[in-house]
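J.: When I checked Swiss-Prot for this same protein, it listed these features:
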BINDING   425  heme binding site
CARBOHYD  237  N-linked glycosylation site
CARBOHYD  248  N-linked glycosylation site
CARBOHYD  346  N-linked glycosylation site
TRANSMEM  7-27  transmembrane segment
């Protein structure tokens with residue numbers, strides 16, 4: 001009888017216990033938590049289910065909802081039981097500090113990705129610094145300079161492919177992803193899949209629009225993970241000898257020669273590191289260049305492209321010669337184009353939380369003068385997507401205006417595509433090099449019909465025009481870690497004409 005009663009009442013007891021636990025948790029979070037004093041919607045501070053609803057049920061909408069909450073509650077906001085979000089860019093350097101100020105990642109946000117072995121997914125400050133130190137030399141400005149010939153070769157392959165595809169439709173997000181994937185695979189493993197030169201291989205370079213479907217993302221990255229793990233395994237067991245044929249060391253052969261302890265050179269950790277390197281090095285740069293391609297070919301931007309082409313014609317009188325990256329970086333209009341690509345393309349849209357484990361961060365609301373003490377150990381974030389579209393910083397923020405960077409060089413501090421601080425994106429110099437060289441190669445030789453006679457050498461190979469592509473094909477409508485466009489998008493498509 002007692003056993004039977006216990007068996008039948010146990011579910012009820014567990015349910016009551018769960019309800020009481022949740023009530024106590026809600027009460028603590030609302031009234032006694034160190035974050036209870038901060039502004040925000042009460043339900044957001046009570047439970048993660050509020051964020052879950054906006055990000056999972058509504059598909060990547062919490063970033064946009066946070067922006068709306070800031071309009072109501074002010075520049076500092078509690079967005080879940082443990083995290084604060086700040087919309088004030090002047091506080092950016094406090095959140096993403098440099099030098100010897102410790103900043104950890106928040107394990108709650110990095111654990112679900114399954115990339116804790118990578119530099120980007122490493123939470124503790126000291127472990128992150130150790131892992132990053134092994135990779136820093138490969139991504140330094142000086143070492144990326146040594147890669148410029150390889151990048152230029154890939155850009156030339158892309159131009160040659162455009163010549164072959166005259167009067168055909170090309171998905172430039174595929175074409176750019178093929179190019180960036182070739183480059184990062186070469187630098188990582190010494191292997192060149194030659195995707196940039198072949199239409200049928202380009203679509204396998206992690207196509208961007210697949211990100212509009214979660215199931216496709218899972219399948220895509222699982223397949224890529226198996227391939228990358230095998231690449232790392234071959235490096236570990238010594239069967240990959242491709243690096244011996246390269247003038248520059250590959251990243252993962254170099255890691256094996258580094259001073260990292262043996263446990264940091266195990267297969268699973270290096271495979272996670274490699275997957276992040278390949279994925280980010282392929283998708284992000286390809287997407288921001290694709291966004292730039294749209295804007296340079298969009299209706300009403302004829303004078304913009306003409307200005308760019310005239311600058312490139314002066315800087316590159318003979319396009320058959322190798323391109324000099326240092327010379328390109330000095331071109332003001334090309335630099336403005338690159339930065340507008342980064343601002344409107346974003347690269348990543350997810351919040352990148354930072355924890356100051358041993359500091360109380362002090363934030364002063366510029367509107368009210370109220371001072372907020374942020375307790376040590378609190379995850380704090382700021383969204384680059386919000387800053388890049390802030391009309392108080394970027395006038396007419398939805399417009400692609402390269403001139404803004406020439407008119408106001410101080411805008412540089414608000415360009416947050418690669419984050420900042422001690423955890424800034426490792427690949428920043430590689431991404432910049434790819435963008436400068438590829439955009440210069442393409443638009444030195446291709447223009448558009450409407451631009452009229454050129455002031456420079458008449459060696460144009462042809463014209464580019466958009467094909468059934470609209471502005472909405474470039475706009476971020478959901479935060480899926482990277483920007484996701486509307487579900488019906490066919491990508492950013494162009495047509496090559498004579």
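Easy rule for this one: first residue shown is 1, then count along the chain.
Every residue gets a Cβ built from N, Cα and C, even glycine.
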J.: Say we define neighbours as other CB atoms within 10 Å of the CB. Which of the glycosylation sites 237, 248, 346 has the fewest?
T.: 237
J.: Just give me the nearest neighbour of residue 425 (heme binding site) among the glycosylation sites 237, 248, 346, Cα to Cα.
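T.: Result for residue 425 (heme binding site): the nearest of the glycosylation sites is 346.
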J.: Starting from the Cβ of residue 425 (heme binding site), draw a 10 Å sphere and report how many other Cβ atoms land inside it.
T.: 20
J.: Compute the C-alpha separation of residue 248 (N-linked glycosylation site) from residue 346 (N-linked glycosylation site), stating it in Å without decimals.
T.: 30
